[in-house]
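A.B. asks: These came from TrEMBL, pasted as-is:
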BINDING   Phe102, Leu103, Lys104, Ala105, Ser106, Gly110, Lys176  substrate binding site
ACT_SITE  Cys113  active site, nucleophile
BINDING   Lys116, Arg183  NAD(+) binding site
DOMAIN    169-335  domain 'UDP-glucose/GDP-mannose dehydrogenase C-terminal'
REGION    218-248  region 'Disordered'
COMPBIAS  222-241  compositional bias 'Basic and acidic residues'
Amino acid sequence: TSVAKRHLLKEFINRKKINDFRSIPGLKEVVESCRGKNLFFSTNIDDAIKEADLVFISTANAFLAQRISSINSISALCEATGADVEEVATAIGMDQRIGNKFLKASVGFGGSCFQKDVLNLVYLCEALNLPEVARYWQQVIDMNDYQRRRFASRIIDSLFNTVTDKKIAILGFAFKKDTGDTRESSSIYISKYLMDEGAHLHIYDPKVPREQIVVDLSHPGVSKDDQGDASGTRRGDDSRRLPVTPTRISTRPSHLCQTLSSPCGPIAPPPGPLWAVAVARLVTISEDPYEACDGAHAVVICTEWDVFKELDYERIHKKMLKPAFIFDGRRVLDGLHNELQTIGFQ
């Protein structure tokens, strides 16, 4: 029955079972060992291997990523209509056919698995001459990128259409809480979009080492400025710019070519692409969240660390420039919304 199949699937893919198979050299042996116990796999070994490959390599993570992009697309619709995406997500999650997992609107998914596995699926579909299916799954990635750019654009718009030379505190750099893993973290992309507009970023994360942040932000491949060099010369098109009004055109690059000493130590500008120099000019790594927020125009929460719920926001507000803005990209402060407004945050 379908219930039995779902139960067996749940049993098969749990972490303990996967760890038990670590000593087995290949996928073929795994399937041969368990095909008699798992009704959702074909009894034909060749078909079973294909099914197992799709389940464990791409499809499961692609479906989870799809859910995140779906609720993020609804968040854009909610903002345009004045609805609360959290209320919408709660109502959707009460439908037992859908459930409430992975329906949390945010600045997008990160980590080493989701994007890689969705792109694996896109590649597989293209290789098998399924362009419509490939475009469908590519849209999951496109929506994730759009959500990140939209969040950065919202920050710029709120700060009177410019963040040039403004201090912005970035709280959280890991792709999720309780880890120091920054692979494909939305914080990297949001930080680079803001740097591309000339913002001075003061970044704090409880676990991510300072060196990792510098490496991530110096790595090319996120925005148009990555195509330039240390002299400020830019190459390529504007395809990765923020999707905002045509009047928002960055005309600096002179301020990227200066160096800056951080309160936590100098960030030497390594030779190479423009972004390595930009990090030296625009990025300060803070050892304390209050230090990061001191004198800031805005606070931006990019990782859902529990410690951010416990900060003294009245103390933070007093030391920020006014009007003081706070942007919660992970909705960790939903329970403090009224209190933050009373304090004076925009």
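Placed from the backbone N, Cα and C atoms, the Cβ positions cover glycine too.
Worth saying up front: this structure is predicted, and the values here are computed from it rather than measured.
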A.B. asks: Rounded to the nearest Å, what's the C-alpha distance separating Lys176 (substrate binding site) and Arg183 (NAD(+) binding site)? Just drop the number here, would you?
C.D. replies: 10
A.B. asks: What does the structure give for the C-alpha distance between Gly110 (substrate binding site) and Arg183 (NAD(+) binding site)? Integer Å is fine.
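C.D. replies: Each residue's Cα considered, Gly110 (substrate binding site) and Arg183 (NAD(+) binding site) end up 7 Å apart.
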A.B. asks: Return the count of C-beta atoms lying within 10 angstroms of the C-beta of Lys104 (substrate binding site), excluding that atom itself.
C.D. replies: 18
A.B. asks: Looking at the domain 'UDP-glucose/GDP-mannose dehydrogenase C-terminal' (169-335) alone, can you tell me the average pLDDT?
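C.D. replies: Over the domain 'UDP-glucose/GDP-mannose dehydrogenase C-terminal' (169-335), the predicted model scores a mean pLDDT of 77.
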A.B. asks: These are the recorded positions: Leu103, Ala105, Cys113. Which one scores highest on other Cβ atoms within 10 Å?
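C.D. replies: Per the Cβ count, the most surrounded site is Ala105.
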A.B. asks: By a simple count, how many Cβ atoms lie within 10 Å of the Cβ of Ser106 (substrate binding site), its own Cβ left out?
C.D. replies: 23
A.B. asks: What's the CA to CA span in angstrom from Ala105 (substrate binding site) over to Cys113 (active site, nucleophile)?
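C.D. replies: Each residue's Cα considered, Ala105 (substrate binding site) and Cys113 (active site, nucleophile) end up 19 Å apart.
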A.B. asks: My understanding is the cutoff is Cβ-Cβ under 8 Å with a sequence separation of 6 or more in the same chain; which residues meet that for Phe102 (substrate binding site)?
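C.D. replies: When sequence neighbours closer than 6 are ignored, Phe102 (substrate binding site) has Leu64, Arg67, Ile68, Ile71 within Cβ distance under 8 Å.
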A.B. asks: What is the separation, in Å, between the Cα atoms of Leu103 (substrate binding site) and the residue listed as 'active site, nucleophile'?
C.D. replies: 18
